[in-house]
Amino acid sequence: MVLKKGVKFFQRLINSKSLRFGENYEDDDLVNSDEVMKKPCPVQIVLAHEDDHNFELDEEALEQILLQEHIRDLNIVVVSVAGAFRKGKSFLLDFMLRYMYNKDSQSWIGGNNEPLTGFTWRGGCERETTGIQVWNEVFVIDRPNGTKVAVLLMDTQGAFDSQSTIKDCATVFALSTMTSSVQVYNLSQNIQEDDLQHLQLFTEYGRLAMEEIYQKPFQTLMFLIRDWSYPYEHSYGLEGGKQFLEKRLQVKKNQHEELQNVRKHIHNCFSNLGCFLLPHPGLKVATNPSFDGRLKDIDEDFKRELRNLVPLLLAPENLVEKEISGSKVTCRDLVEYFKAYIKIYQGEELPHPKSMLQATAEANNLAAVAGARDTYCKSMEQVCGGDKPYIAPSDLERKHLDLKEVAIKQFRSVKKMGGDEFCRRYQDQLEAEIEETYANFIKHNDGKNIFYAARTPATLFAVMFAMYIISGLTGFIGLNSIAVLCNLVMGLALTFLCTWAYVKYSGEFREIGTMIDQIAETLWEQVLKPLGDNLMEENIRQSVTNSIKAGLTDQVSHHARLKTD
């Protein structure tokens with residue numbers, strides 16, 4: 001435990017080179033944990049363990065930030081930036097910090113020769129941020145409606161680097177989306193189809209972890225397209241981004257079902273969708289290894305659009321307060337939500353996402369189907385298995401319906417990817433398989449009924465007896481051709497009976513035995529049973545008629561006696 005706390009402290013220290021905003025501290029400066037929390041700096045609250053690819057919440061650091069007396073009961077606004085690694089997320093957040101510290105100034109963006117400090121960032125091709133970091137100074141802002149809110153800025157580990165699995169990327173993105181009120185999805189140059197598919201996977205992983213699923217579980221998603229190179233098609237900024245996003249997320253009838261599902265999923269996950277097109281910052285930024293964020297090295301187009309973007313997210317009138325399940329979230333509440341969510345991702349309840357949501361969802365649902373079907377089969381074996389006696393068909397059907405409902409409830413209780421519509425197909429598959437299994441249990445149970453087992457020989461014997469009687473009668477009155485035909489049928493029935501007995505005794509020629517059973521079943525259902533039912537119905541009708549006649553006769557006799565008297 002002491003070692004873990006030490007590791008956490010040094011990770012916070014390493015990620016906090018700029019302890020005071022605007023000042024740079026040397027790496028070898030010794031700063032205790034209390035000083036770190038007093039000075040503005042990035043603090044890692046979700047630690048990424050590369051050895052086992054697990055994540056750990058630094059509860060102490062999070063509580064020190066969010067449970068300060070002056071902010072803990074304020075509603076919170078969480079602005080997070082997520083996306084692929086080495087795409088300038090931390091760089092953007094540092095300009096957000098400049099705005100938060102100087103929002104009342106027209107020149108909040110800073111001076112031309114002022115280095116960019118705050119969240120640690122650098123040029124190059126290797127990742128910088130791991131896990132999830134937040135700025136340890138929570139900004140208290142007065143809203144136009146007179147209320148105060150707390151604003152927290154969040155930086156996330158870049159996705160798809162060489163050291164992170166798909167599960168790592170999904171966990172970080174899902175956690176940041178679940179806990180933020182505005183998620184900035186940082187992309188380079190364009191919105192490609194794989195960007196949308198990854199977004200679908202990551203948001204589904206977040207939706208799955210939430211206990212109650214509402215129609216739109218997340219709040220605002222802002223697509224930020226960096227290095228936009230087509231201003232002649234869609235202009236820089238919010239309006240051009242809106243037009244571009246509408247085209248990208250449009251659901252068309254001639255689209256493949258997979259493409260339609262991705263777009264429907266994104267629309268169903270977020271209450272608000274936006275897009276901002278940002279130009280390239282310039283060659284000096286991209287190619288100069290010593291670039292430190294000075295505005296003089298950044299192109300004017302980029303600076304102009306940056307002045308529009310940051311207030312769009314952080315101006316008091318534009319702030320989006322965090323809500324979960326329709327209720328506002330305070331700083332104190334957010335601590336508890338972080339604790340609850342991280343436990344879910346540390347456990348084994350959730351399926352591990354793969355490269356495509358569809359594959360994971362199919363495997364997940366098929367496993368749920370198999371488990372529910374197995375539960376049904378084992379329970380039915382206890383009712384009418386091989387060592388159980390014959391059970392009345394009505395009782396068997398009642399047990400079947402009860403156990404089927406149990407199996408469906410089990411299927412529904414399993415956490416599944418894909419959404420209700422996708423899972424419904426697998427529930428239908430489960431119900432169909434259960435009905436097929438039930439049909440086999442019916443046959444198995446009927447085989448234990450001595451009368452059912454004797455149905456084939458009884459039917460054949462009845463045919464032989466009927467043919468014998470008819471043959472005798474027709475021969476007596478001179479209809480020899482009919483008598484010969486009846487004798488032929490009687491001989492055929494006797495042959496079937498002997499063959500059936502041999503098959504049952506020896507176990508050979510089972511196909512022939514099955515065919516004889518089917519013939520006997522058809523004769524029973526189509527001829528003998530209806531004939532017997534008609535005879536019984538006629539007998540019952542005759543009995544009722546006789547009873548009515550007898551009753552009427554008694555009444556007439558009774559009235560006649562009364563008149564005589």
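Glycine residues also receive a Cβ, built from the backbone N, Cα and C atoms like all the rest.
Swiss-Prot lists 1-458 (among others) with the feature topological domain 'Cytoplasmic'.
As annotated by Swiss-Prot, domain 'GB1/RHD3-type G' applies to 73-318.
If you look up Swiss-Prot, you'll see Arg86, Lys87, Gly88, Lys89, Ser90, Phe91, Gln157, Arg226, Asp227, Val285, Asn288 marked as GDP binding site.
In three-state terms derived from DSSP, Asp227 (GDP binding site) belongs to neither a helical nor a strand segment and is classed as coil. The Cβ of Asp227 (GDP binding site) has Ser188, Gln189, Leu278, Pro279, His280 as same-chain neighbours under 8 Å, each 6 or more residues away in sequence. The GTP binding site annotation in Swiss-Prot covers Arg86, Lys87, Gly88, Lys89, Ser90, Phe91, Arg226, Asp227, Val285 and rests on similarity to another entry.
The Mg(2+) binding site feature in Swiss-Prot is assigned to Ser90; the stated evidence is similarity to another entry. Secondary structure at Ser90 (GDP binding site), as computed by DSSP, is helix.
Taken from Swiss-Prot, the feature coiled coil covers 238-266, and the record attributes it to sequence analysis.
Per Swiss-Prot, the feature N6-methyllysine maps to Lys252. In the three-state DSSP reading, Lys252 (N6-methyllysine) counts as coil.
What Swiss-Prot records for 356-447 is region '3HB (three-helix bundle) domain', and it gives similarity to another entry as the kind of evidence. For the region '3HB (three-helix bundle) domain' (356-447), the model's pLDDT averages out at 85.
Marked as region 'Linker' by Swiss-Prot: 448-456.
Outside the transmembrane segment (459-479) by six or more residues, the chain places 486-487, 489-490, 493-494, 496-497, 500, 520, 523-524, 528 with a CB less than 8 A from a CB of the stretch. According to Swiss-Prot, the feature transmembrane segment maps to 459-479 (among others).
Swiss-Prot lists 482-502 (among others) with the feature transmembrane segment, giving sequence analysis as the kind of evidence. Long-range contacts of the transmembrane segment (482-502) within the same chain: residues 456-457, 460-461, 463-464, 467-468, 470-472, 474-475, 508-509, 512-513, 516-517, 519-520, each at least 6 residues beyond the stretch ends and with a Cβ under 8 Å from a Cβ of the stretch.
Per Swiss-Prot, topological domain 'Cytoplasmic' is recorded for 503-565 (among others).
Residues annotated as region 'Autoinhibitory domain' in Swiss-Prot: 529-565.
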Roughly how many Å lie between the Cα atoms of Ser90 (GDP binding site) and Arg226 (GTP binding site), rounded to a whole value?
13
Based on Cβ atoms within 10 Å, give me the single least packed residue among the recorded positions Arg226, Lys252.
Lys252
Binding-site residues clustered about Lys252 (N6-methyllysine) [Cα within 10 Å; pool: Gln157, Arg226, Val285, Asn288]:
none
Mapped DSSP class for Val285 (GTP binding site), helix or strand or coil:
helix
Would you mind reading off the Cα separation of Val285 (GTP binding site) from Gln157 (GDP binding site), to the nearest angstrom?
21
Reported as an integer number of Å, what is the Cα distance between Arg226 (GTP binding site) and Gln157 (GDP binding site)?
18
